[in-house]
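*Asks:* Below are the structure tokens for one structure; questions will follow.
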Amino acid sequence: MTSRARDLGITVAQYGIAVVALSWLLTQFDIASAIDLLASVETETALAVVAVSVLGICGRTYSWYAVITPLAPVRFRTAAGTTLIVNFVNQLLPSRLSGRLAAPFVLRSQTGMAYSDAAAASALHTGIFAIYYGVAATAGLVLAIPLLRLELILLLALATSLYFAAGLAILFGGLNLSYLDRLIGWLSGVAVRVPRFGEGLAARLDGLLEFTDSSTTTFRSLASEPAVWLRYAVGWAVDLVLAPGVRVGLLLGSFGVAFEPLVALPLYLLVAYTVTLLPLTPGGIGITEATATAVFVALGIPAEVIIPIIFVDRFLSIYLPSLAGWYPSVRLDVTSLTTE
């Protein structure tokens, strides 16, 4: 089997899993009743849900703003464009973190900064995100353990541990890119012996030495600034704690369902959504909603109530911003899609 055929097979399988997961969800509640429930939401509540959703996107944008502004003076609008485009790419790839691989190119196109700086800022953004998410999701998992089945606990524990692993790996790698210098130097020495193309190839490899030095310096500078971590934490908390907690809490209250303790709701949401990191479906579509449903049903929320709420929450926080990122993505400067 060729690599292209294998990749196509994996992609088809991932979309198949997403379809199966969504199909299963649709059998767990009455769609007409769910529509009636959503239609019964008061106008004031609906406006509050929309307002807090906009606030959440602003918080997400501010987390990017926190890592960009120490390197280049940019407008908040520029950080917003970067946020939306990265969200859009995330939905095309089978993991929340894999979509961020395009972030350096997006950032370079949006700001004009050097690729080494863009790579450092993007890596730090991803690393901090993963660490913060892992900590908060762990708290949610600990609170939920007495109420969850063992297999669900193991799945969520695996996904949560991957956040820690990814975050620590990114932080360690960003601080120690210079360890690659010796390997790059050796490869350059080997490449220069290749007839006709050797000198050009060696020159490209030598250019990587400058990149690793510059990127490591930038990464260390950003990572050592407490203000970056603090400002990022503010944006992260607004985006992933305040906004979803208030949004889901308002909808539960509107449907006449009490949730106690309400303060733990954002933590339960975080751990329920951890499976977006697992490369099971594009952007975690389907599998995330199914897992979140299983978690909240175990916590005592009826499926016919929580499923439409989860769809609304995911639509407003993930899918709608991702869709909004399509337009700025088509306006990307394609000449920026290179490290040169």
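Including glycine, each Cβ sits where the backbone N, Cα and C put it.
What TrEMBL says about a protein is an automatic prediction, not a curated fact.
TrEMBL lists 7-26, 46-67, 123-145, 152-175, 229-250, 262-280, 292-312 with the feature transmembrane segment.
If you look at the structure here, what lies around each of the features I listed?
*Replies:* Listed by sequence, the residues of this chain that lie at least six past the ends of the transmembrane segment (123-145) yet keep a Cβ under 8 A from its Cβ atoms are 63-64, 67, 97, 100, 103-104, 153, 156-157, 159-161, 163-164, 166-168, 170-171, 173-174, 219, 222-223, 228-229, 232-233, 236, 240-241, 264, 266-272, 274, 295, 298-299.
Residues 45, 48-49, 52-53, 55-67, 125, 128-129, 132-133, 136, 259, 262, 265-266, 269-270, 309, 312-313, 316-317 of the same chain lie 6 or more positions beyond the ends of the transmembrane segment (229-250) yet place their CB under 8 Å from a CB of it.
Same-chain residues lying 6+ beyond the ends of the transmembrane segment (262-280) with a Cβ under 8 Å from its Cβ atoms: 14, 17, 94-98, 133, 136-141, 143-144, 155-156, 158-160, 162-163, 166, 240-242, 244-245, 248-249, 287-288, 291-292, 295-296, 299, 313.
Long-range contacts of the transmembrane segment (292-312) within its own chain (CB-CB distance under 8 A, at least 6 residues past either end) are made by residues 25, 28-30, 33-34, 37-38, 49, 144, 147-149, 152, 156, 247-248, 251-252, 255, 257, 259, 268-269, 271-273.
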*Asks:* Six or more residues out from either end of the transmembrane segment (152-175), which same-chain residues have a Cβ under 8 Å from its Cβ atoms?
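*Replies:* For the transmembrane segment (152-175), the sequence-distant neighbours (Cβ-Cβ under 8 Å, at least 6 residues beyond its ends) are 97, 120, 123-124, 126-131, 133-134, 137-138, 141, 144-145, 215-216, 219-220, 223, 271-272, 274-275, 277-278, 291, 294-295, 298.
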